[in-house]
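As annotated by TrEMBL, transmembrane segment applies to 27-50, 62-84, 104-122, 143-165, 198-223, 244-267, 273-293. Positions annotated as domain 'G-protein coupled receptors family 1 profile' by TrEMBL: 43-294.
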Amino acid sequence: MELINSSWFQPSTLLLTGIPGLEAVQIWISIPLCIMYLIALLGNSTILFIIKTTSRLHEPQYLFLSMLAATDVGLSLSTLPTVLNVFLLNHREIEFHSCLTQMFFIHTFSSMESAILLAMAFDRFVAIRNPLYYTVVLTHSRIMGMGLAAMIRGVVLMIPLPILLKQLPFCKDVILSHCYCYHPDVMKLACGPIRVNIIYGLSLVLCSFGVDSMFIVISYSLILKTVLGIASKAGQLKALNTCVSHIFTVCIFYVPLIALALIHRFGTFTSPLLHVTMANLFLFLTPVLNPLVYSLKTKQIRFTVHKLFKGKKNFLT
């Protein structure tokens, strides 16, 4: 490690943490983690393949779903090396710059996912509020533009995070709270003034996740107002049914994200096990459950998946 003075240095490596108190059984914990990664990668890749190869699924809601699946794949791949290293190989060290790189990708994909969830809420708003103008408003070029904007926003907003951390001196403690690198977690190890990092981190939360969630709530308030104006109960239920998958996805994304952010900022005295639990919920919940929810809830995708696997079975027999 390169010393800056007797007590400050920039560490060459940091130490990741598994589950406190369960180090002896981490090898067994790695089995369900591997299964969850397999579900996340295989499930989201299957959705991407189905939407790409099925022309009748080239509609706005499915194009947004493919963006969500691609983001979940990126998020899973960003954390896969360190999580399996810690739990499967008991290898806790991560090079400092690799940690900053992983942190950048985790936060970038999280920001992209938040923006895509907002775009999907807008998609449901247009579909229910103005169904006759649905294909006119949500053209393929506009959908691609929204996806590109989500990616650019994520990259531009998150680039300063590793740059600001790189300028800070660190103390002797180089042990992180999670099995992956998370900005507030790395920032807490710094010895120098972190006021700028705190302000920028808080601004990121408010300007990306905060603004996105606010507009999602507004979209669904307007959707609910429109649904309540439908005369028949059957029509109301049908309209709301098209939103169930997205509402569930929004909840499983934002609840662990908000809880983890609050724990890092205000949970100084909370149990380390709570830190790890919320971190793993944030890490696995959305990528694992999204493909399952949309495969079970969306008739077109369920039918295509069934047809795909039936065709493979017939081919093998």
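Any Cβ shown, glycine's included, is placed from N, Cα and C.
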Feature contact check the transmembrane segment (104-122) with the transmembrane segment (244-267), CB under 8 Å, 3 or more pairs: yes
Contacting positions for the transmembrane segment (27-50) when only residues 6+ beyond its ends and CB under 8 Å are counted: 18-19, 57, 65-66, 69-70, 72-73, 76-77, 80, 83-84, 87-88, 90, 284, 287-288, 290-292, 294-295, 301, 304-305, 308
Average model confidence [pLDDT] within the domain 'G-protein coupled receptors family 1 profile' (43-294): 88
Listed stretch, out of 143-165, 198-223, 273-293, that has the most CB pairs under 8 angstroms to the transmembrane segment (62-84): 273-293
